[in-house]
Every structure is written in structure tokens, then in C-alpha cells.
Amino acid sequence: RFLRTFPAVQQFIATYPGTGSFAPPLPDGFPLWLRTCHWINFFLLLFMIRSGIQILADHPRLYLNPHCTPGSEWLRLLGPAPLDREYHAKEDTVSLPGWLGLPGIRHSIGLARWWHFVFDTLWLANGILVYVLLFSTGQWRRIVPVSLDVIPHTLSTALQYLSLDFPPPSGWLQYNGLQLLAYFTTVFIASPLALITGVMQSPAIAARLHLATGFLNRQVGRSLHFLVLGYFLLFIIGHVVMVFATDALNNLNHMTLGTNDRSWAGFLVFALILAFTTIAWLLATPLTLKYPRKVQHIGRWVIGGILDRIEKLRPVANYSEKDISPYFWVNGTAPVSDEYKSHLAEGFRNYQLNVGGLIEKPLQLTLAQLRALPKQEQITSNYCIQGWTGVAKWGGVRLKDIMALVRPMPNARYVVFFSFAHGSEKGR
């Protein structure tokens, strides 16, 4: 407000009031398809943000390097990882309240990912439809500047808003400079960036594009993805505040009924949309926890075909000794059974690998017998579901050599490995 007392600033605002030739006026207002897609986008984004926060909470650290070494993160939601003991990635997860995270309980990233993937897919389909209709109906002119005059008009609009002396409402015909650039950024920069950085985190695509190391590694994508989430969250908050601060009734009629008046009809429609969204928000967590298998089945039905095709991509990355990470996160939880402690004390001298099930020749192999089999070493990148990555050198007996010894039956479909760890899956 103080700045607006200066004659030069007053002249600047008079010359660039906020609207101008940088975008043509569109007298027809907001068509039905645009209003419908707007509210679908609002609904989908809220659940994408909820599930996205839940995914971040499973490894609440963000890095710019591909090795995820503790202490190298640029953002963390927990204290520093203790280096004086064996610290497991599962210990690093954060619990979220059920009203915020989806589903909210600790280490529920599997269910959160199904929510995220399904709503991502629906959001992408809605976005493609918006793009097609924007450019086929001419509505793109509402949010794409056609001259650089938008810059001084945007600065002028920002000054007017900050001084709490708002510019005249013009949204029905033409967005002011600040509105236009905000929508342009959201639709044509933030949204594609969300898609690109999300795809970068797919292990199959990352392995295909060699994103385990280098400048544009998966962790850079994860960090940018989180920043885009933050942008969308701030945009939604700012958007809602400005809708109510600059003439709520008129704005809500624009957004719901496509009319340019100050009746209460648009507010009532908005209230119904908000009530539906609130009910869905409150039911999402309890229903997910009650029917987790249903969530998985729905997710598989919506996006299973896409995931199957992505998983068939062949990795092309090769790694050398210099690519090996200086620190590699330990996954899962440490075994605590008496059997494991006994083996550990004996150096696994009396350990036996038991192989059974749908095989012709059940087998027991001692550690000495396993070591006598051919050993294979390889350097691979690990993309953990929790979000951390690392490159490590592994060595051991090839599975195909074990298979050759036990001869699986024709109806055998899966190999199930059991560890000494505890938990609901009993180490499976």
C-alpha cells in the first residue's frame, strides 16, 4: 500500500491496469466442458496430493544425488539417520494421521501407490481432454499470452492485490496478467512436469533411460515431483482464497453454472461439490484399510495393462565399480528369532537351504554346498518402493542352477523365498 503512494507507481498501474492486449477477451464465458473438467481436476488432485504425501512419508528424505547417502539429503522430515548402528529403511518411515495420508498408517506405501497410480491415470485422461478441447474451441486464448505486455500487467496486478486495493474483476471476459500466468504455469508447465518427473521414478523406465546415475537421476525426478506437489497445493490454496476474496458469488457462478451474475445458485452447487469431496476424503482411509484387496484389484483393473507393458521394457544400463554407492540402505527389518541368532553366532555353519513344493527333487543344501556351486557377481541398481536408490555389487548362486537341481514341475508358477525376518508375511 505504501508503494502505491508514489506517483511513478500510480502511473505504472494506470498504464498497465492488469488487462490488455496480451490476451483477447472471450465474451462467451466458461463452457460446460471446461467447468466439468475443472471440478474433476480439483477432486483428483486432492487425492493425488494425499497419496503423494503418504508415499513421501515412507522415505521422508529428498536428494539430488543417486546414492541417497544419509546426510546428503536437501530436505528431510526426520532427524539424521544414525550411523552408529544398523539402521533400516523401514525404521525411517513416518506415521501420518488418517485424515491426511492415504491410507495414513505407517509403511502403507503399497496401498498409497495404487491410489496415486489410479488417480494419476484419471487425471492424465482428464488433462488430455482439456488440452484437446482448449485448442479446438479457442479457449486456449484465455490462458496463453500473445504478447510480452503480460509481464508489466502481471506486476501491476500483483501490486494491486498486495495493497489490498484489488483490480476490477474481469475474469468472465479476460483474466488479468497474474491470473493468466498462474493458469498458464499450472496447465502448461507444472502439469507436464508432474507427469515427466513421475514417469522418471518408474524403475523400468529409469533402467531403460539409465537414470540410476548422472545429473538427471531418479532422485532429481523425485525431488522435482515433490516440488510440483507443493506448487499444486499452494495454487489450490491461493486459488480458493482469491475466489472468495474477490467476489465469491460471481466467481462461483462462473465456475459452476457458467453465468455472470451474483445469485446464490453457484454457491449452492459449490457446497454440494464440497460436501461430496469431504465425504470421499473422510471415507477414503477407513474403506482402504477395510478393503485393501479391493483397492489393489481396482488399481490393477485401471492401470494393470499399462504397468505390464512398462515392466517389459529391457534395461540398457551397465554399471562399473565406480558407480557403486558409498552407502546402501538396509531394507525391511532385522531378524530377531532364536534360530537366526543361533546361525549368526555359528557363522551360519549349520545353515541349510530347504527347497520344496512343486518340484521333482526336494533338496537341502548346506552353506558349504551352496558355495561349491558356480558364483555370479553383478553390479545392479536398486529402486526401492520406498523411494531410495543405490548401486551395489551382488554375488551368489544363480537361481537357474538351483532350478536345474530340483527340476520344477510343469504346473509350478512362482518361486517364493522365505527369510528369517518376522512380520505379517513371516519373512516371505
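Cβ coordinates come from backbone N, Cα and C, glycine included.
Unlike curated records, TrEMBL annotations are generated automatically.
What TrEMBL says about this protein:
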DOMAIN    30-255  domain 'Cytochrome b561 bacterial/Ni-hydrogenase'
DOMAIN    349-421  domain 'Oxidoreductase molybdopterin-binding'
TRANSMEM  114-134  transmembrane segment
TRANSMEM  180-200  transmembrane segment
TRANSMEM  224-244  transmembrane segment
TRANSMEM  264-284  transmembrane segment
Near the transmembrane segment (180-200), which residues from the same chain, at least 6 beyond its ends, have a CB less than 8 A from one of its CBs? 22-23, 120, 124, 127, 130, 134, 142-145, 150, 154, 206, 209, 211, 216, 218, 220-222, 224-225, 228-229, 231-232, 235, 238-239
Can you give the mean pLDDT for the domain 'Cytochrome b561 bacterial/Ni-hydrogenase' (30-255), rounded to a whole number? 93
Could you give me the DSSP helix, strand and coil counts for the domain 'Oxidoreductase molybdopterin-binding' (349-421)? 14 helix, 28 strand, 31 coil
Other same-chain positions with a Cβ less than 8 Å from the transmembrane segment (224-244) and lying at least 6 residues past its termini are 42, 45-46, 49, 52-53, 56, 62, 75, 161, 182, 186, 190, 193-194, 197-198, 200-201, 251-252, 255
Apart from its near flanks, which chain residues at least 6 from the ends of the transmembrane segment (114-134) lie with a Cβ under 8 angstroms of it? 33-34, 37, 40-41, 44-45, 47-48, 50-52, 55, 102, 140, 143, 187, 191, 195, 198, 284, 288, 295-296, 298-299, 302-303, 306-307
Same-chain residue ranges lying at least 6 outside the transmembrane segment (264-284) that approach it to Cβ under 8 Å: 39, 42-43, 46-47, 50, 99, 102-103, 115, 248-249, 252-257
